[in-house]
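What TrEMBL says about this protein:
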type	residues	note
ACT_SITE	D335	active site, 4-aspartylphosphate intermediate
BINDING	D335, T337, D911, D915	Mg(2+) binding site
BINDING	D335, K336, T337, E474, F521, K544, R578, T659, G660, D661, R883, K889, N914, D915	ATP binding site
COMPBIAS	747-789	compositional bias 'Polar residues'
DOMAIN	937-972	domain 'P-type ATPase C-terminal'
REGION	370-399	region 'Disordered'
REGION	732-798	region 'Disordered'
TRANSMEM	12-30	transmembrane segment
TRANSMEM	215-236	transmembrane segment
TRANSMEM	262-287	transmembrane segment
TRANSMEM	961-981	transmembrane segment
Amino acid sequence: MAGLSLAPFAPYSAISVWLPLIFVLVLGLLREAWEDLRRARGDRELNNRPIEWHDGNGQFVEKRWRDLRVGDLVRVKDGDFFPSDLLLVSSTGPDGICYVETMNLDGETNLKARQALEVTWGIDGKDERKLKDFTAELLCEGPNASLYTFSGRLKYNNAELPVGPPQLLLRDSSLQNTGSVLGVVVYTGHDTKSMQNSTPPPTKRSRVDKYLDKVIWLMFALLLAMATLTGVIIGIRTKQDGTDIWYMRPTESNPYYNPQKAAIVGIVGFFNGLVLYGYLIPIALYVSLEVVRVAQALFMINDIEMYDPASDKRARVKSPGLNEELGQVDTIFSDKTGTLTSNQMDFFRCTIQGVSYGKGTTEVERAAEKLGMPLGPSPRDPRPDSTRPTSRTQSVDNAIEVDTESLGPENNPYKEKGFNFYDERLLAGKWVQEKSAESIRFFFEILALCHTAIPEGTPEEPSLMRYRAESPDEAALVVAAKQFGFYFYKRTPTTLHVRESLRPGDPPRDQVYQLLDVLEFSSLRKRMSITVRFPDGRLLLLSKGADSVILQRVDRKRSGPVAETTRHLKLYGEVGLRTLVVAYKVLDEEEYKSWAKRYADARSIIGKERESRTEELAEEIEQGLTVVGGTGVEDKLQAGVPEAVDRLARAGINIWVLTGDKVETAINIGYACSLLRQGMDNLIVSLEGSEARAIEERADREGWSRDKIQEGQKNFVSRKLDDALQLVLNGHVNPRGTSTSERKISVSESLQSALSRSMSTKSSGANLSRNASKNAAGTLTRNLSVTNGRHSRNPSEGKIGVEMLPLVDGQKVGSNGEGLDQREWAISKESALTQSRKGPPAEPTEYALVIDGQSLAYILAETVLQERFLEVCINCNSVLCCRVSPRQKAQVTTLVRKGLGLHRLCLAIGDGANDVGMIQAANVGVGILGVEGAQAAMAGDFAIGQFRFLERLLLVHGRWCYRRISLMVIFFAALFQLSLIQT
């Protein structure tokens, strides 16, 4: 249209069209140019960073990152980033060790150890002759995106040695706590693993923009229609009236309005109509939206109420185009650790040889008391007949005198970061007086040895020693070992150094343990192990991990206190603690030598087979374990989380929590943060309960194949979903305040029909497990008069009696008596149908669905189960997904986002690299600037410092943004209507 305005037949001057267009384009170009300049400046600074490069003559000279080539030898100093993927040749650290931080790659802030091959330790950069003579050949896999795998062989001095991830230094990671390292460039530029992983984030556009696109197309169609109609009418009138249309100057000399050429006049009239009616396309609206969104982003960034003084972080807005979406969020998907909780782990309780130790009250227990559901006595509580000595004792680590009469869980002088344990039976060296002193000693030895933590500090100052570990709970276990007299202070590639101070006043003894192998933790393995030779010559495998994987590998003849440990860990989980099982295995010398040789051969394999082969060998040696005990670590809630969750629920937003914790822990954390509330029925779908274990026991007795076992478990999950669906549809007024037709909105006709089928599905008669809450003495049942529908979108003023079931069960179940049952309340098909015939209940009932990752694996594999699961979730106020992997988080988010359709928005919030998939899959992603790094914040559309800020982000800024954008669109719509009337 701007081009048509230059034509001689244009109805008005070109400047009136071009000036607004130029203004709009210049604003857009300036914004894009500013962003491009910022990116270009950053790329230029990165590519021009200097690095010390070996010139081949024994000297290091400065070179730019962009000029590096494969095979170059470079030197990186402490605190610097690696310019490319490097093979570690040598380090100034002991035994070729260096420490790297990979926060920019995986979001983890802990340091990771890397070690050069022993044959290259001597090439330290000081001897020019060694540098000149250094020649080697590396055979390795091609460029790929896997950050955690690398395989190759280094040919050096007539020897061929395997290299792997411990020798690879990745670009975008940095060198820490090490003077300098030498490395050979393996991958450069776009071949580096970090660049291979830098896939573009998914494009997200707000519904306002999508709606405006449709409106623009409609306006453009209307413009064409009006211009066509104008051209046709002008052509007809020119042919009929000829020179009578004097105001068009119809003369034969006028080529555009020649009465003898009506067709040409009609065509010219069409183009004139395009120019005249061009105002129908509101180009200025897009520019105005961009300006307003930038201003809204500045409001969010400078909001003092969303400033976190602890981390000195303000809110960040990376996608201003999604500002108004914040005011339309329907469902929130949240991680737990580091998002709802502070990710500050404290060692709180432990169980050793069947005896539980540790006192104090967790946040979950305090929340239960507020809800009127005291959990009752447990083995952790003080014994009535116990007496406290009034003598003065001395602390193990800091040598201060304390009066035991004034001590207690609330007044604990031993408390430090990572340690909040109190029990007079173990502290101050008193554990040596216990009957099982040797077992207690061995337990804390395992805690001091079985880890990958790196000590930072001087051995002479235990109180100032800090540990860089793969996770905060691992660091908490090492701190606990220190508090009990097993002070880990030094690590080398082959040794672990522990200083023992068993009794107050005894001189400390330094013990050196020979470290042979480390089988590292992974989200798939859910455990870690080491092989270690003790100072007395014993060869042991030490393991710690989730109870679901460790107990499967226990030696049935020498199992240890499995039943008691399981019972205590269940109690710990139900009061909100993160639990681990600690176990060991005595290794035979000859068997270990055979295994070690095969393990070394597997590590030398190049390619994907290496990972599978090493995992097989790790699985082989980790069989036949003996349980020693378990640990309970508390991860406290962030400040303001319960209040924020409560207000978000009152606003009608449904909240999901997706976590890797066990079911009991997630349920009780849900109560602590107000996600689960009084009067809410918890529907549990889990393959870890007694019913699911009965399937496995039957399979063992009848010798079922693996496929048949999986089929039985899938059918079990399907029956549970059927029962849950029948229950929520018959005993529940829709919590979302929407009609049935709205709840069936889907992205496909198949999903709509499947959901319709699910609505009419008959229950198969299986029993539905509901959350049970019990104390150690037995079942505790309470009738509490509460206001039901408190968080529902259809609140009711009436009150009903709600039967609250206990949280803790101290009874054993199963044929071997090694597990705890979860007391189940059977809701049969007949009772559900009877209830439906009686009509809907007088008051709406709130439901929460609790499901574990193993059940989700079956659900996500079949479309029918997905649809049934989605229908159950739509009718629940809260959903807890437990023991889920990062991949499952993203899959669940995608499933729900598509199932809810375009009319409801999903928001995902997390703080770690394992939450990136979930954040990118949601309509809106929010990252927490927490202690797990900035990976989630970089992937998110918005970033905040604490979860509680999400309340203000949605309910204040989200509402303001949506309202202001809507008013602007309405204003332009009004202008269009006025212009159309004038036309």
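Yeah, the Cβs are placed from backbone N, Cα and C, and that goes for glycine too.
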For D915 (Mg(2+) binding site), the one of D335, F521, R578, G660 that lies nearest, given that the recorded positions are compared by Cα: D335
Cα separation, D911 (Mg(2+) binding site) to F521 (ATP binding site) (Å, whole number): 20
Neighbouring recorded positions, C-alpha within 10 angstroms of G660 (ATP binding site) - of D335, T337, D911: D335, T337
Other C-beta atoms that fall within 10 angstroms of the C-beta of D911 (Mg(2+) binding site): 32
Inter-residue Cα distance where the pair is T337 (Mg(2+) binding site) and R883 (ATP binding site), in Å: 12
Between D335 (active site, 4-aspartylphosphate intermediate) and D911 (Mg(2+) binding site): CA-CA distance (Å): 8
Spatial neighbours, same chain, of R578 (ATP binding site) - Cβ under 8 Å, 6+ residues apart: M345, D473, G632, V633, E634, D635, D661, T665
Close in space, distant in sequence - D335 (active site, 4-aspartylphosphate intermediate), Cβ under 8 Å, 6 or more apart: V657, L658, T659, K889, I909, G910, D911, G912, N914, D915, M918
Least surrounded among the binding-site residues, given as T337, F521, R883, D915, when other CB atoms within 10 Å are counted: F521
C-beta crowding around N914 (ATP binding site), within 10 angstroms: 25
Packing count at G660 (ATP binding site) (other Cβ atoms within 10 Å of its Cβ): 23
Number of helical, extended and coil residues in the domain 'P-type ATPase C-terminal' (937-972), per DSSP: 27 helix, 3 strand, 6 coil
